[in-house]
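Scroll down for the structure; my scribbles are underneath it.
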Amino acid sequence: MWAWENMVLPENVSQIPFMKKDKDITCCICHQRLDPPYNLLGGRAYCDHHYAVVNRPHPSFWRAALLQLLGMALLAGLVAWLAETFVGPLAGMPLLVASLLLAIVPSALWLIFFYQQDRLEPEPTQKVAAVFLLAALLTDVLGRRIVYDWYQVNLWAPTDTLTSLLASILIIAVAAQLIIYVAMRVLVYDSPEFDERMDGIIYGTVAGLGVATVTNLHFVLGSGGVALGPGVIQTVTTALAQASFGGLQGWFMAEARFEHKPVWWVPLGFLIAVVSNGVFSWLIGEVSATGLQVEAWRSLLFGMLVAIFAFLLLAGLMQRSHAVTLRR
């Protein structure tokens with residue numbers, strides 16, 4: 001790869017006095033040689049195809065995403081009500097089967113949704129699966145080790161409110177968002193398939209679902225016989241949260257991928273996602289608590305509202321980026 005292939009270009013390439021006419025300017029995605037006039041976005045050059053793709057609007061995706069959020073919340077509420085009404089705590093093999101279903105189904109529903117919605121230029125199934133599996137693997141072998149073995153958060157974090165909040169942000173959320181970043185950066189960030197802003201949100205969400213799946217699996221198995229009602233609400237809430245914050249971090253990474261951004265841009269996105277994730281995880285316990293009892297329904301409502309807000313925010317950011325590109 002030539003040194004000038006990824007260099008930042010001004011909006012008018014002729015403003016570069018030292019650039020020779022015989023030197024190639026290539027698309028920053030596929031590295032195809034370009035001829036004037038150039039498609040420039042954020043100081044980077046694109047071929048016609050990728051310039052059209054990078055900012056492609058997805059209005060139907062966002063409408064369907066909101067319906068998916070509401071549908072998951074209603075389904076979780078229905079299952080929880082049925083479980084509390086007709087089924088008691090489980091043990092043994094029934095617990096194992098229920099645990100696997102509770103841990104996997106919320107994430108599976110999201111993955112099916114993304115696969116159905118991303119039909120204009122679907123992401124390679126292998127890439128999506130790889131991001132999900134790597135995030136899940138890192139959560140199991142690294143994330144949980146950081147939280148429970150190295151820092152032993154469960155032993156000292158509940159000491160007081162401030163300690164619990166700081167542990168949630170600085171340890172638990174940092175570990176989760178770092179795993180999401182690594183899964184995206186290693187597997188898809190520099191690949192030609194990562195060719196539009198929406199891909200950042202999709203891959204970030206998928207990585208978040210990998211984190212959520214393992215977290216949910218350990219939560220249900222470690223409970224020793226959790227009631228299905230609170231269990232399904234907890235797992236759906238966790239999936240909604242990690243999907244939302246993964247998508248938020250993925251958007252920041254996509255912006256840096258397709259436009260020239262300052263060196264602090266991706267760290268800023270990481271910080272925002274970490275603080276949001278940590279505060280949410282801490283608040284979810286506070287919101288669900290009623291004296292010495294825990295009201296799981298409050299967690300579900302709060303998690304759904306946060307997820308809806310996050311996806312509306314991402315939809316607004318995508319629309320703004322698209323409008324800025326059209327003005328150029």
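Cβ atoms here come from the backbone N, Cα and C positions, even for glycine.
What TrEMBL lists as transmembrane segment is 65-83 (among others).
Beyond the ends of the transmembrane segment (95-116), by six or more residues, the same chain brings 64-65, 68, 72, 76, 122-123, 125, 128, 132, 202, 205-206, 209-210, 212-214, 216-217, 219-221, 225, 228, 231-232, 235-236, 238-240, 243 to within a C-beta distance below 8 angstroms of the stretch. Per TrEMBL, transmembrane segment is recorded for 95-116 (among others).
If you look up TrEMBL, you'll see 128-147 (among others) marked as transmembrane segment.
Residues annotated as transmembrane segment in TrEMBL: 167-188 (among others).
Tertiary proximity for the transmembrane segment (200-220) is limited to same-chain residues at least six positions away from its ends with a CB under 8 Å from its CB atoms, namely 95, 98-100, 102-104, 106-107, 110-111, 114, 118, 123, 127-128, 131-137, 139-140, 143-144, 176, 179-180, 183-184, 188, 194, 226, 231, 234-235, 238-239, 241-255, 257, 314, 318. Annotation source TrEMBL lists transmembrane segment at 200-220 (among others).
For 232-252 (among others), the entry in TrEMBL reads transmembrane segment.
The list of residues near the transmembrane segment (264-284) in space but at least 6 beyond its ends in sequence, with Cβ under 8 angstroms from a Cβ of it, reads 164-165, 168-170, 172-174, 176-178, 180-181, 237, 241-242, 245-246, 248-249, 251-253, 255-256, 299, 302-303, 306, 310. Summarising the annotation, TrEMBL assigns transmembrane segment to 264-284 (among others).
Residues or ranges marked as transmembrane segment in TrEMBL: 296-318 (among others). Within the chain, the transmembrane segment (296-318) has long-range Cβ neighbours (under 8 A, six or more residues past its boundaries) at 57-58, 62, 65-66, 69-70, 73, 76-77, 80, 197-198, 201, 229-230, 233-234, 236-238, 240-241, 243-245, 247-248, 251, 276, 280, 283-284, 287-288, 290.
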Stretch with greatest number of CB pairs under 8 Å, the transmembrane segment (167-188) reference, 65-83, 128-147, 232-252 candidates: 128-147
